[in-house]
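What TrEMBL says about this one:
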- A:S59, A:S60, A:A61, A:S89, A:D107, A:S202, A:G203, A:T204: phosphate binding site (BINDING)
- A:26-43: compositional bias 'Low complexity' (COMPBIAS)
- A:47-347: domain 'PBP' (DOMAIN)
- A:26-60: region 'Disordered' (REGION)
- A:1-21: signal peptide (SIGNAL)
Amino acid sequence: MSVNRLLRVGTVAVASLGVLALSACGSDPEPSGSSNPSSGSSSTGAADCPQGTLNAEGSSAQKNAIEEVISKYNEKCADVSVNYNATGSGAGIKQFNANQVDFAGSDSALKTENKDGGETEAAAAAKRCQTNPALNLPMVIGPVAIAYNVDGLPKLVLDGATAAKIFQGDIKTWNDPAIAKLNTGATLPSTPISVFFRSDESGTTENFTKYLAAAGAGAWKGEPAKKWTGTGAGKEKSAGVAEGVKSTKNSITYVEWSYAVDNKLGVAQIDNGSGAPVELTAESAGKALAAAKPAGTGADLALKLDYATKEAGAYPIILVTYEIACSKGLPAEKTALVKSFLSYFAGKDGQASLTELNYAPLPEEIRTKVDAAIQSIS
Amino acid sequence: MTAIVENKPAYDGKALDLTGRSGARAFKNTLATVLIVLAFVIAIIPLVWILWTVISKGYHLLLNAEWWSQSQRGITVRREGGGAYHAIMGTLIMALITAAIAVPIAILGAVYLVEYGKGTKVARAVSFMIDILTGVPSIVAALFIYAVWITVFGFNRVGFAVSLSLVLLMLPVVLRSTEEMLKLVPDELREASYALGVPKWKTILKVVVPTAFGGIITGVMLGLARVMGETAPLLILVGYSKNINLNPFEGFMGALPTMINQDRTELALQPAADRVWAAALTLILLVLALNLLARLVARFSTIKSK
């Protein structure tokens, strides 16, 4: 009888293993673009296709961009798996420095000074790269939208000082005289403004607070930082704040443009002091980027943006998201993978695929510099 | 009751009517019934609601064969298509490794507690520890493994590390249920076995454990179902991958909870929202399948008294 029972248990176990074995024949989906992957863009030939897996983590501002590029890259290089976890710029740099990922995505270049007096991000990254400096490679330009949700207000104009006061908490209601002055003729509700901010450490917050500090005419009290110091309610990640504004009437936040578009939120026009309010478009964001200067010298490609630009038609709140990779010091097979993927990302094909996702492509001058830096990785 | 009534001297001779209830008692009875039914309904509402929402929003993707056979490689949040194969396999692999480590330890531990260490100080101390371990939140287990696996040993984040932290969560569940099952085995069976001159180890192996087998398997399956839905260890100890990775010792690995988490932030986009609901339904179905399997095993393996 006990033998019988064991037999029965065995049968069930074997049956369940069989189900597992049956299911063990999965595959990857066919590339969506071309039915014949070999025909595609193999003519470029510059980026050869190694084999292996590349792990990356960081900025959620570039999540949509890098996923699109990974998808396109896989059509070309089918043997490379690229994983990108959008956990935020701060987390990405930490994981990169802790040797957990092969490159990091970050909305700001590695810090070369530490206010607390400890080890700087750049120094920790160099340690990770076996005493070789890590590269800041500007890769994606994402305009930051001031997104709002107010009934009966299809158009909202703000300037630096008013925006700073709203996000500082000094302007509390929508019909404040400062807002009314910029929006003559609009019907503004007397309800309080609910502000949403990023509760995680975010490069978007850092870039936005840099803008508020530069263009806010002293109304912004805090230092530009990854952690929010203004007023409001915290939400996690870009999608969190976008969702917060979408579901809350009379609210406002700062978020990457693509999230504002995806969630069908109102996007404020910015009066940069040139006279006419500037609407957020790829063109107006590109104009502001043209004013950007390299912050460092030589191979350091970190960019210094002019947030207080008064140029007509330039949308001043943009963020440049970087890929942070070792210049040297990775194992050979990882180096080949990083080089292959990043050259595709910085290449013309890679950059061209970003415009439809509401990112702006890198200006050609900067793009060639980035490409040269990637080729120098060894 | 009746005896007291009969002894009363002032009894007026009318026939005592015991069939109906007096007004107050009938009222109390109705009130209690209503409250109980109400509590039941309140308890069932969220359950049915969740099931209905998940099924109605998620079922249509599950009807595609590609959902079960393809990964999410190259599928961005804006695109439809792809499947959950990578995540299903990731979840199953991590759960199997967890079970392979946790189940032997838990069952042997329970055998010690019930058969050998009964009443000793060590057994009581272990029992107490297990009770504490049952209450440990998954994030604490995950951070503990992170401290050991990554900070101390310097390894990378991999699926196996997730399994290790899930062991900490599964162990007390299985050990506790196995212990209860072994306690239910009547001492007469053990004594009968000893009376025939069978040694203790053989008694445990051939009499005690087989008698409790159905219950033990049920406990194992319930433990598995519990750990399969855990998210905190997955977030901390392994990166999410859209690609198929069947190696728990290297690289990022997909899993159903992290697949839900990955697209959760993009609910404004329909393809992503569909996938979130479908992944949730898949996870529920996996757990359901495991529970059914447990029932089946328990039914087939119960000793029938003739």
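We number each residue from 1, going along the chain as drawn.
Just so you know, glycine gets a Cβ as well, placed from its N, Cα and C.
For A:D107 (phosphate binding site), the number of other Cβ atoms no farther than 10 Å from its own Cβ, over all displayed protein chains, is 28.
Annotation for A:S60 (phosphate binding site): same-chain Cβ neighbours under 8 Å, separated by at least 6 residues, are A:A86, A:T87, A:G88, A:S202, A:K237, A:S238, A:A239. A:S89 (phosphate binding site): 31 other CB atoms within 10 A of its CB, across all protein chains. Sequence-distant neighbours of A:A61 (phosphate binding site) (same chain, 6+ residues apart, CB-CB distance under 8 A): A:S89, A:D107, A:V140, A:G142, A:S202, A:G203, A:T204, A:S238, A:E256, A:L319, A:T321. Predicted-model confidence for the domain 'PBP' (A:47-347) is 87, expressed as mean pLDDT. Across the annotated binding residues for phosphate (A:S59, A:S60, A:A61, A:S89, A:D107, A:S202, A:G203, A:T204), the two most widely spaced Cα atoms sit 9 Å apart.
Sorting the binding-site residues A:S59, A:S202, A:T204 by the number of other Cβ atoms within 10 Å puts A:S59 first. Summary of the phosphate site environment: with the site residues A:S59, A:S60, A:A61, A:S89, A:D107, A:S202, A:G203, A:T204 set aside, the chain residues having Cβ atoms within 8 Å of the Cβ mean position are A:G58, A:Q62, A:G88, A:G105, A:S106, A:T205, A:E206, A:S238, A:L319, A:T321. According to its DSSP assignment, A:D107 (phosphate binding site) is coil. Secondary structure at A:G203 (phosphate binding site), as computed by DSSP, is helix.
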